């Protein structure tokens, strides 16, 4: 994406938003519920857990569009201008967000960086050129943005979102606090269940197409081997594929994890080479098979555990 295109378009977008403000049926001001805008699916799910029926929730990044590459249109600016609470991930996941927030001129809104309070992991930039790495770093992407894929981080995010909703809508404070507490407790139970299961394994590594699961690895002391790095932007080199084939054969890897989409093709090539199967893993950046956040998180953890439990000690 050409980053300057977002900035260049903002003036026109704001003009269009103002011009359409009286006629656009998708404005969210005319509701008794608290108007909340989030950037993408995982944040929508987490915010809905807390807000329930008390909020009117809009997610602005469409399914199938990468949050990094999203370019806001007039209707998105209108939503942001109307919102009382705006939830975004941070850590460079939405490099356009601060320009958009400034252009929206909604100074009365509560703006929530969901990654706040989470210790970030540095992004591994294997295979990137110095120019490419610098470009990511200049947009705040020196760190891995995929904080929502951690069952522990998600609990922090729920509390952060809950505090914002309570501040924006104090009359429903008890409702938001209870929902945040219950959702976090459910995730904590999932964490405790699999923490003991993973601890009993001798081998805790898995192979995936996209290095998006560093925070989940931190939860359970796992190690991910990936075809592409955290930015998921460059095609893997032959050298990298050979390394993964050798690693997978040495450690009896029988599962290659992949998001649905173009990544599945290279995953199948690697799986065929080592005699493994390909299993779906969810990144939760978009709606995936109409599964909830909790269902996808449990799926990911369970499938990784099953894959790790099949591994054997490599022969010397």
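Yeah, the Cβs are placed from backbone N, Cα and C, and that goes for glycine too.
Features as listed in Swiss-Prot:
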| type | residues | note |
| --- | --- | --- |
| SIGNAL | 1-19 | signal peptide |
| BINDING | 68, 146, 210 | divalent metal cation binding site |
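When secondary structure is read from DSSP and collapsed to three states, residue 210 (divalent metal cation binding site) falls in the strand class. Once Cβ contacts within 10 Å are tallied over all protein chains shown, the binding-site residues 68, 146, 210 are led by 146.
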